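Accompanying notes for the structure given below.
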Amino acid sequence: MREIVLTQTGQCGNQIGAKFWEVISDEHAIDSAGTYHGDSHLQLERINVHHHEASGGRYVPRAVLVDLEPGTMDSVHSGPFGQVFRPDNFISGQCGAGNNWAKGRYTEGAELTESVMDVVRKEAESCDCLQGFQLTHSLGGGTGSGMGTLLISKIREEYPDRIINTFSILPSPKVSDTVVEPYNATLSVHQLIENADETFCIDNEALYDICSRTLKLPTPTYGDLNHLVSATMSGVTTCLRFPGQLNADLRKLAVNMVPFPRLHFFMPGFAPLTSRGSQQYRALTVAELTQQMFDAKNMMAACDPRHGCYLTVAAIFRGRMPMREVDEQMFNIQDKNSSYFADWFPDNVKTAVCDIPPRGLKMSATFIGNNAAIQELFTCVSEQFTAMFRRKAFLHWYTGEGMDEMEFTEAESNMNDLVSEYQQYQDATAEEEEDEEYAEEEVA
């Protein structure tokens, strides 16, 4: 089977991870003790993608939980699904990274890395046919960003031919927790460009907007935000876990979504958006799903897809629906909005359909777009980075842990290169449109 090992790093990564395991366990009818209580053979058929069977018929998540301070671990442990995880797979330090990328990467985090890699190896060895690794982390803090990227490079060294897929929570301009976020994020993106295969860029600002605008929640909590992220995460792996008419897996996604190796930063979306614990009253049609899915308000990254063009798109539908209708709708969207799709990739939309919908919905769709507008996120971080770095503000916290200023300069220029690469393909599409219009005028 095609197993996936999930590594959750830092406070943010662990909270998202814990929520994700709740969602997955619910879909496969596994209770908080790891026991199966379902009535469908489909739930058990491929349960070993995310779980392995322990003694006594208990199903244990293939999860590695890492943090440099014990607080989050304790709350996951005492949370609703805390007893499901293997106790050996909780690895925590004592002193925390203090929002410092250098601590997570070079000092505190580096000391823990070997014991984390031992657990990762153990999990990988218990797989029949390991598909790849998923990592949840935030880029604004110290552990998720510094130690998270360190683990990615270690995993890449040991498993060079396996897919590494990250769910990275980027700092957003309006919702800021820490002053040094731009430093941590830039240093992390520098690593992700080189070592990850697929990065799903999610940011809190977009999630807050979805909660207040679409779900009409007066005071959204992190629990509500994590609910949205976990819905997307579950959608991405759904084809591996349940049978479907058109399957996708992490590798197929990468092959269809990444036109050039560095451009692997995706904006995810989900439709229909529902708040925690609510039921949907009306079944959506495939047309409405497709419409919602491409709507800028449904994107989980705070950048407007209409400002860029889609290089590639993947759409994963869930629920019973006629394939023909799905194909028609996807064609219509591309046909009506052809200016938003790069026309030098002929068929740049990958579709997958899985028959089993998520709990409480008749059908749903997960959207993954590789859009040049994602550069807005990086540009915003880059501007803040430059403003601080020009004055060398807060730099002593990093150099004190053994970092060199040169690393900052390298990371900055690598991220700026990424922005200009996206811009270049954006411009290529715009130029082609102008040429076509010019040619039409000449003919006329």
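Note: Cβ is positioned from N, Cα and C throughout, glycine not excepted.
Values in this document were obtained by computation on a predicted structure and should not be read as measured data.
Positions annotated as motif 'MREI motif' by Swiss-Prot, on the basis of similarity to another entry: 1-4.
Sequence-distant contacts of Gly142 (GTP binding site), defined as residues of its own chain at least six apart whose C-beta falls under 8 angstroms from its C-beta, comprise Gly10, Leu68, Gly96, Ala97, Gly98, Asn99, Asn100, Trp101, Lys103, Gly104, Asn184. Gly142 (GTP binding site) falls within neither a helix nor a strand when secondary structure is assigned with DSSP, and so counts as coil. Positions annotated as GTP binding site by Swiss-Prot: Gln11, Glu69, Ser138, Gly142, Thr143, Gly144, Asn204, Asn226.
Feature annotation from Swiss-Prot assigns Mg(2+) binding site to Glu69; the stated evidence is similarity to another entry. DSSP classifies Glu69 (GTP binding site) as coil under the three-state reduction.
The phosphoserine annotation in Swiss-Prot covers Ser172, and the record cites experimental evidence as its basis. Ser172 (phosphoserine) falls outside any helix or strand according to DSSP and counts as coil.
Here Swiss-Prot flags 429-444 as compositional bias 'Acidic residues'.
Among the features that Swiss-Prot reports, 5-glutamyl polyglutamate is placed at Glu436, with the record citing similarity to another entry.
Looking only at the binding-site residues Gln11, Ser138, Gly144, the one with its C-alpha closest to Ser172 (phosphoserine) is Ser138. Max Cα-Cα distance over the annotated GTP binders (Gln11, Glu69, Ser138, Gly142, Thr143, Gly144, Asn204, Asn226) is 23 Å. Note: Gln11 (GTP binding site) has non-local neighbours Asp67, Gly71, Thr72, Ser138, Gly141, Thr143, Gly144, i.e. same-chain residues 6+ apart with C-beta under 8 A of its own C-beta.
With a 10 A radius on its CB, Thr143 (GTP binding site) counts 34 other CB atoms from all the protein chains.
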